[in-house]
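> I'd like to ask some things about the structure below.
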Amino acid sequence: MTKRNYGIDLLRIVSMYMIVLNHVLLIGGVIGQATQLGTGTFNYKLSWLLDIICYGAVNCYALISGYVGVTSRYKPQNIIRLWLQVLFYSVVLNVAVVALVPGLKLSKEDILAMFMPISYQRYWYFSAYFVLFLFIPLLNYLLNTLSRASLQKMLFMLIMIFSFGETFIFRVKDFLALNSGYSALWLLVLYLIGGYIRLYDWNLWHADRLVFSGLVLLSFICFLAFGGEAGHGRVLVNYPAPTILLMAIALLAYFKDLKLDPRSIKWIKGFAPLTFGVYLIHLQPMVAVHLIQGRFSSLAKEAPLILLVDVVGGSLLIYLGCSLLEKLRQVLFSLLRIELLVQKLEALLLRVVHLGTRRL
């Protein structure tokens, strides 16, 4: 049995906090308000620097999927369990927000979407991950069958095409169907990279923290030099951008080798299983629009130190609040014995697949 890497679990926690902070800046309106106040202001630069620091967090999750998945048994029940979790929050939080916000009503489209969260991409990452999950057996076969040299050549080509190509060559953003990284295809590429790192490590550099800091600085300088968001400043601030990709790899390379004491491991064990719930709660469409959108915009008018403290602290409060709600959801599912339903659905799915493959 493979020993659990709690450094990877810590990266899940840190990455999800970074995602929350990123959404506080963007959805919360800090960056939008700072832009209106002036692109030359210190708060504009500070808010974008914070955003760039956190931008690779989504890439980290797909890298972790490959890092963990390449040596794990493929279990359809995993995606069923996640789907039920997504469905729960899609429905329950819709009803809760409608009850809390006066005059808010659900349209027929809203009702249909909340019961079909994947089809309507209520959570783009989960919709993309759902597609990725279907290809994991094939991806693992490639990772475990091809030689190290062959994998290196394949990954080099994928990175050149889908990272450097997407960023610097293919300026029509739908050319590679990456949608600036908001796609299953980009997650597939990241899965392969994460799986390779698990099998063969990452030897391109060893100073992970220095590399991460340098790439943040490079992305930030280019952002300002190329005119910010209004110009071409975001050329290196996209999920497939080489700097953002390498920042995520640097984080994975650093956290996977962390040596943690028993007290830290106990804390990590408590919070790591809650991370996906944090994502589902704070980014649930109704929650994001009616409870988070624009709520932090006034911070852009404050002194830089206040902006920094309130954004960091506000993100932490959201993270902890969502973690508490997710823990309650887990207790509820346990009381309702949802795990038995997961097992039955998996058995049914496997029978359907077996019958289908027999006829081919």
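Cβ coordinates are placed from backbone N, Cα and C, and glycine is handled just like the others.
Pasting the feature list from TrEMBL:
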- 5-323: domain 'Acyltransferase 3' (DOMAIN)
- 12-34: transmembrane segment (TRANSMEM)
- 46-70: transmembrane segment (TRANSMEM)
- 82-103: transmembrane segment (TRANSMEM)
- 123-143: transmembrane segment (TRANSMEM)
- 155-172: transmembrane segment (TRANSMEM)
- 178-197: transmembrane segment (TRANSMEM)
- 209-227: transmembrane segment (TRANSMEM)
- 239-255: transmembrane segment (TRANSMEM)
- 267-292: transmembrane segment (TRANSMEM)
- 304-325: transmembrane segment (TRANSMEM)
> Restricting to the same chain and to residues at least six past its boundaries, which positions have a Cβ under 8 Å from a Cβ of the transmembrane segment (12-34)?
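Apart from its flanks, the transmembrane segment (12-34) reaches 41, 43-44, 47-48, 50-51, 53-55, 57-58, 60-61, 64, 251, 255, 268, 271-272, 275, 278-279, 282-283, 288, 292-301, 307, 311-312, 314-316, 318-319, 322.
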> Across the domain 'Acyltransferase 3' (5-323), what does the mean pLDDT come to, as a whole number?
93
> Other than its close neighbours in sequence, what residues sit by the transmembrane segment (267-292), given a CB gap under 8 Å and a spacing of at least six beyond its ends?
6, 9-10, 12-13, 15-16, 19-20, 23-24, 27-28, 82, 85-86, 89-90, 93-94, 97-98, 100-101, 104, 122-123, 125-126, 260, 318-319, 322-323, 325-327, 329-330
> Out of 82-103, 123-143, 155-172, 178-197, 209-227, what stretch is closest in contact terms to the transmembrane segment (46-70), meaning most Cβ pairs under 8 angstroms?
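Per the Cβ count, the answer is 178-197.
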> Which listed stretch (82-103, 178-197, 239-255) has the most C-beta pairs under 8 A with the transmembrane segment (123-143)?
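Looking only at 82-103, 178-197, 239-255, the most contacts with the transmembrane segment (123-143) come from 178-197.
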